[in-house]
């Protein structure tokens, strides 16, 4: 009942405090305060009663904790346990003695059995000897009765008496030995009997001690029972006193609870009011999820609207960023053009089945989603970033690549020298980018097709002539791919017109007028180019291929002549001899290729560091590209890289070389244009007057036209324009 009333009081107190906190105050606040104080007093009294009850319970559970009999009882119990341990030890010793007596008894029985056996053997031996003695005596008696054979009989008796004596001696010695053994056994038996008697005496003493210990144990057990009975009586008396005292206290508690009941009856109206308020609050809480859902719905709508606005703002910012990026790239390209920098494009070939499978064929090249001029290479666990002018991913088509270079190709028609060369390790796709296939041609064929298209578009005002030459550098020897003798070695020389440009005497030129002519030239040159199979590439180029396209134009209205040259170079790939498996002639080819590419690197380093001497003549390749790398040409390098993990070292070298090439400044490019014939004789006379020539003077012989050299004519044309402007 006490526990039940306590729980009810706690519930009522919690309910009152909760309702009070929810309502904040009512008209019966003073009355509730009084009831709360009364409840607190009753709670304290109940706690005191509970403490007394717990004390009584502890007394019942642990009676007579400080009683002196308990200590005496503990001492007696300890003595009893010690006596029990001593009795156990005595019993163990008694058992050991019993075992020892049993063992000695068994040994005595064995000795007695051996003694009996010895006595029996002795009796048998004595019986045998007595029989032999009787036989001997009978023989002697019989011999005495026969006097004729005395000598013989005496001898016989002597012989037999010796044997008998020997046997008798043996028997006597054996008998003496047996008697000694019997004496020894009797002595052992007497010792065993003495030990047995001492063991029996010890056993009797131990049994007397055990009986004494058992009597002592009986006496201690009786004393302990008497003390336990006295303690039990004292415990029962203490329990009765505590129970009577608890009954008196419980009566007082019941009286206090009756007062609490009356107080609770007075609190019922206040509880009804509080219950009503609680129900109203409960209804509000029940309706709260609907209100919360409505609020969340409106908040979601506002948040989604804000997110949409942020997305639209981000899209607009991204559009502006991309526009600014394109504008920056356009300005950068214009700056590159003005400075004469070598433009560098990068192209990554796709992973092929030749790369194999497994970790070595994993893709190690990634691209920047916002900048198409940046690529990242994962080399030895570290990411290295490179910035070029343009990067083509593996999925880029030949058409997309050519769209980026067609502006350079068309400037060839306007009289500029253009050079596009592909660089990279063997198997990186250089030949595919430059030549392509019949179904998907590369830069070479697309460039000529574009030139024909531009020429046809200007046919109303201009006359154009397009010639094509093809050469290769194989083992540091320049060979004509379109000539009748492809093994003939050609030399690179300076033009005799004093322009400082290079040309190759004896190099075959074909004039092309249609796409069919282009295909024939390409097919003819492709057949003669040296290619072999290595471990790195099934069809590896073993030489540097050069396609020279010369475009000569004549403006029929002004007589202006332009000469543009387009050099399309497919460099042989750098390769490691250990990986390519090159041997014999392949090894010699690889050595020449690597040597020429190393010379190209030396030239780029000299140009980048603005050295006074640039070693163009260290290799036929660099000497042939001198016009393209010395500032008089628009130059583009297409660096080809492999994305395979096993080729990351070569890819890293190629990209680092591309960054060095990109930083080279060649200076502004000049246009190759010369004035041809004037429309009238009057203009010619004016020209001669301005130049200070007599009417009868003749022009110096030129190269193929009877006209001045391009360098002289360009300087003269500039002075002519200045004089014409000053003279009106």
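We count from 1, first residue shown onward.
Cβ coordinates are placed from backbone N, Cα and C, and glycine is handled just like the others.
Taken verbatim from TrEMBL:
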| type | residues | note |
| --- | --- | --- |
| COILED | 2-146 | coiled coil |
| COILED | 189-241 | coiled coil |
| DOMAIN | 341-664 | domain 'Kinesin motor' |
| BINDING | 424, 425, 426, 427, 428, 429, 430, 431 | ATP binding site |
| REGION | 691-728 | region 'Disordered' |
| COMPBIAS | 700-711 | compositional bias 'Low complexity' |
| COMPBIAS | 719-728 | compositional bias 'Basic residues' |
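Within 10 Å of the C-beta atom of residue 428 (ATP binding site) sit 27 other C-beta atoms, taking all shown protein chains into account. With a 10 A radius on its CB, residue 431 (ATP binding site) counts 25 other CB atoms from all the protein chains. When Cβ atoms from all protein chains are considered, those within 10 Å of residue 424 (ATP binding site) total 28, not counting its own. Note on the coiled coil (189-241): mean pLDDT across this stretch is 82. When other Cβ atoms within 10 Å of the Cβ of residue 425 (ATP binding site) are tallied across all protein chains shown, the result is 23.
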